[in-house]
Amino acid sequence: MSFESSTGPEMSATTKQMLVRVRQMVPPLLEKFHKGMSCLDCDIWWSSSGETSLSPPPWLWGQLGRIAVIGGSEDYTGAPYFSAMASARLGSDLSHVICTPNAAQVIKTYSPNLMVHPLMRSSPPALSRSQADSSSSLTKSAPDTDPAQVAAQIIPMLDRLHVLVIGPGLGRDPIMQETCAKVIAAAREKGIPMVLDADALLLVAKDPSLIKGYNNAVVTPNVVEFARLTKALGVDEQVEKAEKTAGETAKVEALAKALGGVMVVQKGGHDYLSDGNVTLTVDLKGGLKRSGGQGDTLTGSIATFLGWRAAYLDDLWDHGNPLKKEELMGLAVFGGAAITRECSRLAFAKKGRSLQASDLTDEVHTAFLNLFGEVDAKL
């Protein structure tokens, strides 16, 4: 396997070719957006009715990705921030965080660039301590403790979003978990792509039918979560056998097939991505330090590429040599994984052993430039 010079991203020729294809999904900037319509070369826009406006049409705004991260609780405020900021720094137009009120107060102080919605609710302290594993004990009469009523405040937002990230900082509180289950069901019904991570994967382990067979879903488990999912789906023995006798990608392929075509990301020395039919390997060299929170950069980066996938499918610009619809999900996840690994490499080169998740956030744009260059840089 040949690699590029150590002064830049190191990758195989195959990965480099894949990134060329991923780059085709990256939308041009506004000068060439909407098939040549320019909001920079004219001061007045003409509406279909013949009226003039000093502002561009509203359909320009937000079409490079409207992302929401659902998670964030009293104990975990960093994870949803890292995910949402990775999405924003990579290039999504709008990045939301939907979390508990206590978490919202903190996350709002991290960045004014995020839209933070304190719509999630957790159990009262006594309930969360003594009955965290028993959702049957929830008090149905109070809106703040009824997952259906909490979810009802979130679900109307889905029509304004391109992608959901569910799980960063979610925790295992029964109200939080049940609320997310209802939002997942609603998002699936609407066909909204979802990236599930962290404690959202506990939901999937308990009830795989939430996402089984939904090919707009991506799961990004760590080693422990991966094992929990394989056990829940009854393929743990198959995966264990595959680990000993088959190739490196056999485990991720077995889990993806068991989930009915859900895209699975198996993180490690290399990242393996599979929907059970097609398997991709991301072999960019990353950093040599794994601190908590780096996976949140992954979920946010994947979300942005999925938002760009929506723009690509909506045919908002001339594609030239178009990609096939069925390959776009894999390319989007590949792009997110590649960005994250390059962020890790760049951050580690600067910080070494002191590397933290926030250091990856600072490298997102540089990672994009290193891997893809700037689209329409003359702008």
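Cβ atoms here come from the backbone N, Cα and C positions, even for glycine.
A quick note: this is a predicted structure, and the numbers were derived from the prediction, not measured.
In TrEMBL this protein carries:
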type     : residues                                                               : note
BINDING  : Gly169, Asn222, Val223, Val224, Glu225, Phe226, Ala227, Arg228, Asp296 : (6S)-NADPHX binding site
BINDING  : 267-271, 286-295                                                       : ATP binding site
COMPBIAS : 128-137                                                                : compositional bias 'Low complexity'
DOMAIN   : 18-371                                                                 : domain 'YjeF C-terminal'
REGION   : 122-145                                                                : region 'Disordered'
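Closest to Gly293 (ATP binding site) in space, going by CA atoms and restricting to the binding-site residues Gly169, Glu225, Ala227, is Gly169. Neighbour counts of Cβ atoms within 10 Å were taken for the binding-site residues Gly269, Gly287, Gly293, Gly295; the minimum is at Gly269. For the binding-site residues Glu225, Asp296, the greatest number of Cβ atoms within 10 Å around a candidate Cβ is found at Asp296.
Between the binding-site residues Val223, Ala227, the minimum number of other C-beta atoms within 10 Å of a residue's C-beta occurs at Val223. Compared over the binding-site residues Gly169, Lys267, Asp271, Lys289, Ser291, the count of CB atoms lying within 10 A of a residue's CB peaks at Gly169. Among the binding-site residues Gly269, Gly287, Lys289, the residue whose Cα lies closest in space to that of Glu225 ((6S)-NADPHX binding site) is Gly269.
Classification of Asp271 (ATP binding site) by DSSP places it within a strand.
Considering only the binding-site residues Lys267, Gly269, Asp271, Gly287, Lys289, Asp296 ((6S)-NADPHX binding site) has Lys267 as its nearest partner by CA-CA distance. Calculated from their C-alpha atoms, the gap between Lys289 (ATP binding site) and Gly169 ((6S)-NADPHX binding site) amounts to 21 Å. Taking every pair among Gly169, Asn222, Val223, Val224, Glu225, Phe226, Ala227, Arg228, Asp296, the residues listed as contacting (6S)-NADPHX, the largest Cα to Cα separation comes to 20 Å.
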